[in-house]
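Here the structure comes first, spelled out in structure tokens, and everything after it is commentary.
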Amino acid sequence: MQLLSKLLGDPNKREIKSIQPIIDKINALEPELKKLSDEELAGKTAEFRSRLSLHLKGGLVLEDELVQLFREALDKVEPLARKCTDDQLRAAITEYRQKIDRKKDAETELKDHLQDLLSEGFEEAYTKLSPILNELRVNAAMDLAEERQEWPDEASDPKKTTFALLTEVEPLLKDIDEDERNEAFETAWSAYEKTRSSGQITDENADRYMELFFLTILNHMQEELIALKAEEMDALLPNMVKRYRTGETLDDLLPEAFAVVRETGRRVINMRHYDVQLIGGYVLHQGKIAEMRTGEGKTLVATAPVYLNALTGKGVHVVTVNDYLARRDAEWMGNIYRFLGLTVGILVNAIEPYTPERKAAYQADITYGTNNEFGFDYLRDNMATSLEQTVQRELNFAIVDEVDNILIDEARTPLIISGPGEEPTEMYAQFARWAPRLKEELDYTVDEKHRAVMLTEAGIDKIEKMAGIDNIYAEENLDMTRYMENALKAEILYKRDRDYIVKDGEVVIVDEFTGRQMPGRRYSEGLHQAIEAKEGVKVQRENHTLATITFQNYFRLYNKLAGMTGTALTEAEEFHKIYSLDVIVIPTNKPMIRRDMPDLIFRNQEAKYRAIVNEIKERHEAGQPVLVGTTSVEISEMLSAMLEREGIEHNVLNAKHHEREAHIVAQAGRSGAVTIATNMAGRGTDILLGGNPEGYFDTILRKHAESVSFIRDMPTRSEEEREEKEEAIRDYIANMSEEEKQELFQQKIKECEEDRKRVIELGGLYIIGTERHESRRIDNQLRGRAGRQGDPGESRFFLALDDELMRRFAADRVSGLMEKAGMEDIPLESKIFTRFIENAQRQVEGYNFDLRKHVVEYDDVIAQQRAVIYADRRTILEHGDMHDRIVHMIENEVAQLVEAHIPGHAISDEEELDSLFKALETWVELPEEIVPDNIHALQKDKLKKELIELVVNHYEQRAQELRTQAKAQGLTIDPIRELERTNLLRIVDRLWMDHIDALDLMRAGIGLRSVGQRDPLVEFKNEAYMMFEELKRAIQRHTVDNLLKLLRNEVTIQVNRPEPPRRIPRNVQTNAEAIAEASGQAKSDETKQPVKTRSNSHRQNGQRTPAPAARSLPKVGRNDPCPCGSGKKYKRCHGA
């Protein structure tokens, strides 16, 4: 592989090298742009958009522009213009263009067509149109030349070739004098030759010059056809006509647009894009992932591709991981966009669903928001009952910041909107009391690698005795197995202050990758309830899924997707295979000089943490800033306590103190600063050496106020005195003038600069990792906090053999070596062991990738069905009039009803007719004469046709009666149309929700098919297809049944006004069935990913309609196992 790389070269370097010529073009434009005024620079947006217009809308814009130009020409000969409508002009142009395509006498045809429209004065109007016709003739001539490979060439007679092409599309040219033709040719050819000899004609622009050649000839001879003054042509046709005809793509505009953004950034926010940042922007525009080191300015990088793609008017979404970054980037970078005339929207959790503010955010040219908000809005839009409730438009282009976090770490986290389910049972609390009584090895075993717990025979016996039952796996006790498994996992695998925290009486999950709190998310399948029971907080009810989608499938809906991060290369294979995204590593602006030291490996954690504290103490005393990365809240607080005992001042940044994140990170680079952080480590915020005064200016003001003598001397013995001092500090700061604040700020900037020099001399920021993560990418993120933009830095990981990753993969082998060497408290330091650990990480990464890929394979099946259902809903919302569709449904249902009751080719007996008529009479009243005396003389097909006609006529009659009632009440809405629309929407929604549940249940048990040597994925696809076909039939059946039964009796139907938006409560802790994990895997923690949920009462009366069956099933007793394979009783599953 290394030899191959040497022979072929580094593909990443080749990619960067191929982009450099474009960067050179951008740089060449910079001097001219600097000369422009602010108004001229801002006006570039309008110019770019006009140059894009044809490319964006294809021929439609060409037609629109031609209609406008025709209209301008006809306006010159008023009142003739009034005799020709735009539609007539459009028809004339369309016909003309079709004639050209067929290489016929197009201009003559157009002239004849227009003469039919205009009674007089055509010549004057035609005079104004001739330049446009020239353009079209050139286009036709170019097509002919390309088709026949006949170009004006020195090797042949160029005059004959040229005129042969032109006269084929313009017969009138044959009538021009030969001398005039030769003169026209010579004029054009001399200009063409001069241009070619100067080297201006290249492969890229050859077509353009050939078009100009043709156009020069036509323009020279135009006077012979129709007299036209040059100034009149110039006045009628702006220079942009040529561009409207051909159109320019975003790629054509890229150098200019990027240069404009760079110049705007320099003027507006005093930040100029480096060349490497423009390379990163180009990679993003291509729809790839740009890996850029920490501190290389990813936020600024995105501005160029965002601006370029926003020119289309279709919207660009910039996706961030939290509300803080969304607000910061929208306000900061928004200055560039607003200067250039673009609008910027912000999408955060505080903006309520279905509101005009949220819709306005999406209508902006550029929208900043979090991945959660974009995903939940997509789901809500596809639950809306009217177009007014929808907020999103077409998913055009998204740039995902921290793309590895959202598309890899969050990949298996489904977004779920849920409705109320059953109240939790006492079983959760009961098993939570029993779980601690079980002993490891005796009653259960733990699989560290797969994070699973398995009961032994002794453990099963103990549980059965505590529950007072004979067999926990008996049919009547099957529900207990779920409570038992979840209670064990909650007790043994899930630790407080590592996997979750308890806050305000609720269990809040902590993200294992970032250390951030994840309010609103819950573990699925009862695991969260088991943890709540373990912690003694209120056990929330299990909820019912109304709509769900994974981030994997949501972001693949965008027409173009790109991303940026500091760590993506290790996951390049996954990005390519799942998202079709290539990873390009962008070179740093300055060389990276951080030193990454080999790991130190200790026999146990006690020795490791002692060594870490000693190392921190030594660096702190020297004045070097230290950032300590931990994997959990628990470890960060334990280290904090150890540092307090040593008297070392420090800050702690974890899920419990995340509110101070920006403030703490701003000071982490100051000399002597010690910061303990979980993996979140202020991701998205740079740690500046010497500190960042902007980030902690509030602290600077407070300390300044506290140093004032009268405040410093105030007593603080009692609570009242402390409050008085606090009030005095607030008043002092409030009364400071802006000049005083600015003077103080400038002073702090100087102090930070001096501090920065000291820190650089000491070696920069020192990173200590307390444990290796499962993913090398997370470790690289921690290392990446140091060494920004050429700054010095250092990193080292301190490991122990009883760390989780070491215990699972490497402890035995390394421990044996250390024991033989007699190394009890002496750390082992070797690059060999570092590589060994990294290999273990690769194994875990490969395992997790396989899991995510497996999830995608199953979820893709659901995604295809979701796309069909959501497209159907959109059609219902947009078109509104479903009458023809409903009538077609009625015809199909009546026909299927006849086939169901009369399966043969002919009617065999009266019982068949009786059962058929009994079913039909729930819809309509049947006339007696429909059945003849001799039923054997009744033809089945004729009966079917008569019954269809009868039911449809009844429906149409009742519909007309409703319209009459509405008209009498003064209503303008067609009531039957509104009834059809709302009824169809509700049926689709209700049955789709039940279909989701049925798929989840089938997916949970489909892995057992592998026992019978059948591929679970193939089985899932086949059964999901059958279930979806049944779903479509059920939608038709329920819709027809509901409408016909509703209209069966003489009732007055009130017109349904559009429903008010369904509000979704904020931060409601509800649970729903997560999209189940891979089939065929052992049930493990990997199948219990936290799910993001939003609560929404959407079902009518909270009832659930049984999910459509995939096939006919025998009658099942209520206490029998459900045939779907879920393991539940029928009464608790599909028989509910």
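Every residue, even glycine, has its Cβ placed from backbone N, Cα and C.
Predicted automatically and left uncurated, TrEMBL annotations should be read as such.
Feature annotations, courtesy of TrEMBL:
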| type | residues | note |
| --- | --- | --- |
| DOMAIN | 1-830 | domain 'SecA family profile' |
| COILED | 89-116 | coiled coil |
| BINDING | GLN277, GLY295, GLU296, GLY297, LYS298, THR299, ASP686 | ATP binding site |
| DOMAIN | 279-439 | domain 'Helicase ATP-binding' |
| COILED | 722-755 | coiled coil |
| COMPBIAS | 1090-1104 | compositional bias 'Polar residues' |
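Sequence features, as recorded in TrEMBL, placed on the structure.
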residue : record           : DSSP (3 states)
GLN277  : ATP binding site : helix
GLY295  : ATP binding site : coil
ASP686  : ATP binding site : coil
*Just how many other Cβ atoms lie inside 10 Å of the Cβ on ASP686 (ATP binding site)?*
20
_Chain-internal residues, separated by at least six, CB under 8 A from GLY297 (ATP binding site)_ = MET271, TYR274, GLN277
_Env. residues of ATP site, Cβ within 8 Å of mean position of GLN277, GLY295, GLU296, GLY297, LYS298, THR299, ASP686 Cβ_ = MET292, THR294, LEU300, VAL301
*Counting every protein chain present, what is the number of Cβ atoms, excluding its own, within 10 Å of the Cβ of LYS298 (ATP binding site)?*
24
*Same-chain residues at least 6 beyond the ends of the coiled coil (722-755) whose Cβ lies under 8 Å from its Cβ atoms*: 670-671, 688-693, 697, 700-702, 704-706, 708, 710-711, 714, 716
*Using a 10 angstroms cut-off on Cβ to Cβ distances, just flag whichever of GLN277, THR299 is the loneliest among these binding-site residues.*
THR299
*Find, among the binding-site residues listed as GLY295, GLU296, the one whose Cβ has the highest number of other Cβ atoms within 10 Å in the structure shown.*
GLU296
*Using the residues the record lists for ATP (GLN277, GLY295, GLU296, GLY297, LYS298, THR299, ASP686), what whole-number Å value is the largest Cα to Cα distance?*
16
